[in-house]
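One structure is given below, encoded as structure tokens.
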2 protein chains.
Amino acid sequence: MSSKIRIGIAGYGNIGRGVELAIKQNPDMELVAVLTRRDPSSVKILTEGVKIVHVNDASSLKDDIDVMILCGGSATDLPVMGPQFAEMFNTIDSFDTHARIPEYFASVDDAAKKGNNVSIISVGWDPGMFSINRLYGEAILPVGSHYTFWGKGVSQGHSDAIRRVEGVQDGRQYTIPSEKAMASAKDGSEPKLTTREKHTRECFVVAKEGADKTLIEKTIKEMPNYFAEYDTTVNFISQEEFNRDHQKMPHGGFVIRSGKTGAENENHHVIEYSLKLDSNPEFTSSVLVAYARAAYRLAKKGEFGAKTVFDIAPALISPKSAEELREELL
Amino acid sequence: MSSKIRIGIAGYGNIGRGVELAIKQNPDMELVAVLTRRDPSSVKILTEGVKIVHVNDASSLKDDIDVMILCGGSATDLPVMGPQFAEMFNTIDSFDTHARIPEYFASVDDAAKKGNNVSIISVGWDPGMFSINRLYGEAILPVGSHYTFWGKGVSQGHSDAIRRVEGVQDGRQYTIPSEKAMASAKDGSEPKLTTREKHTRECFVVAKEGADKTLIEKTIKEMPNYFAEYDTTVNFISQEEFNRDHQKMPHGGFVIRSGKTGAENENHHVIEYSLKLDSNPEFTSSVLVAYARAAYRLAKKGEFGAKTVFDIAPALISPKSAEELREELL
């Protein structure tokens, strides 16, 4: 008999695979089932002894799973899956359409309450760890400004835009925080900075044989909405170099709080939180798995409804006891 | 009638004054009383209309204060004040003797439970925000190492040691994180680093007229325990320069989590949290005041006993509602 936290994965894409790997790093958890939209017999996973179940049969797992981690996308999957699963399982998801969080929260909250489950939504790094740091910074230094910078990291939308340019064989775009904007965010002047001012764009392009590189560069740099408003650089490289150096999914970013204290606001303070990630999906998955522990514990205590990372005390995501935490980490 | 959170300050030193200033930045709070060991009529504070009460009469304030912020030192004040006040008030303190936290927690917990109060201990930045970041880092990336660097900031003990050297008129010591050690903490090699390897020491010294500067420098650099084991630099400056540039109490530091994910641990991630503070006591006070809000809310909900920052959900320290937080910061 196992006393491990029994995890299910709903959706076996980049995030689902990352969750599977993260579970292996957490000895108090075990992967019990993977739900898929495909024919279950066609899905191969890394872990042995795990059920592969069609998503339509999810309800058959009700008694086997402590927490279901929803690994679908925010555009179309989660708005449906979120409430549907929250009625059956304690759930964790990484819903990341910032503007639609209030309505998503409400629909998951209703469903989770119906099912007496705990659902923690919008878990990951942004929303997620970055959100927590925005909150902490603002609460501690109420007189101040906060800044979020993203990158260096791959933007899928901009990479797609490059690949649509005539003569381009392959392409990838990295969003890079502007050094100048970062410095001004920290210097105490509390500038207003737009997303555009805060970031530059770097493109790596493989041109087709005989293509006009000058024209490709000009077309990219002048592309409205995507590149025209940014400081954009275009680097032409070979397909070999592209395959060797540009297959990973790195990302990261910075949350900066610049605030002031003192009788005359004469003392300036900077709080900075940053991430430098080799694999965006694997890091996101690692956050999801840590918060699955919190969902499990809250459900055990009889809580239910939708939550966000703001509602979760840090101790709930650690496998250590309160005594160990006080002794080792406080 | 006020619906503000009524705060008391016990001890009007650097931290007590910082708390007073921080309360002014938080419109949902008001300072109601300052407790002092001195003759109350001799204590002048910045805020009007606030009672100054002798610490021996603290119990007379029982119905006037929602949260008492204990601003005494960890060596001798808090071990006595902590449990004593926890029986009378909801309390917040910045107890920072890491090794004695478990016993301090136990004694405050007993007292707080007797008095049906909430007491959040060891609040500040280390212990405090740094501790939270050690916990988050370890829980999210369980395969990895964490590193805490302190500085650049003033060490009072080392400054005192300099001033005891023959021929020294005034002196101040800054602890500085080593660039080399910081780089190795982030490079994925997960080195074992001692506090000594991680920090260098920079001294600013005003020599008495006619004193032997070469001898002063040698004496400082060879002082066992304090400087001998470190890479130490000594700068001689004038008293004017000292008075102009070295009166503030800056501090800060870094918490770094270096971790790995992937089937072969092939992906490296770095989480970094840093503080750069013009005033160590004012920043610490700002953290105390934010957590006073959490103590107030938990007490209202009927909770009691000792807590640490690990037990406090981020939302509890923000003046914003859950809806506002989800809409604005998630």
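Note that Cβ sites are derived from N, Cα and C of the backbone, with glycine treated the same way.
Unlike curated entries, TrEMBL annotations are predicted automatically.
If you look up TrEMBL, you'll see A:12-15, A:36-38, A:71-74, A:94-96, A:123-127 marked as NADP(+) binding site. DSSP assigns A:ILE15 (NADP(+) binding site) to a helical segment in the three-state reduction.
Annotated domain 'Meso-diaminopimelate D-dehydrogenase C-terminal' per TrEMBL: A:124-279, in sequence order.
According to TrEMBL, the feature substrate binding site maps to A:TRP150, A:THR175, A:ARG201, A:HIS251, A:ASN280. In the three-state DSSP scheme, A:TRP150 (substrate binding site) is classed as strand.
Note on proximity: among A:GLY73, A:PHE95, A:PRO127, the binding-site residues of the record, the Cα nearest A:THR175 (substrate binding site) is that of A:PRO127.
Among the binding-site residues A:ILE15, A:GLY73, A:GLY124, A:PRO127, A:TRP150, A:ARG201, the ones whose Cβ sits under 8 Å from a Cβ of chain B are, in sequence order, A:PRO127. The distance from the Cα of A:GLY73 (NADP(+) binding site) to the Cα of A:ASN280 (substrate binding site) comes to 14 Å. When Cβ atoms from all protein chains are considered, those within 10 Å of A:GLY124 (NADP(+) binding site) total 25, not counting its own. Fewest Cβ neighbours within 10 Å among the binding-site residues A:GLY73, A:PRO127: that distinction goes to A:GLY73. In terms of C-alpha distance, the listed binding-site residues A:TRP150, A:ARG201, A:HIS251, A:ASN280 place A:ASN280 closest to A:ILE15 (NADP(+) binding site).
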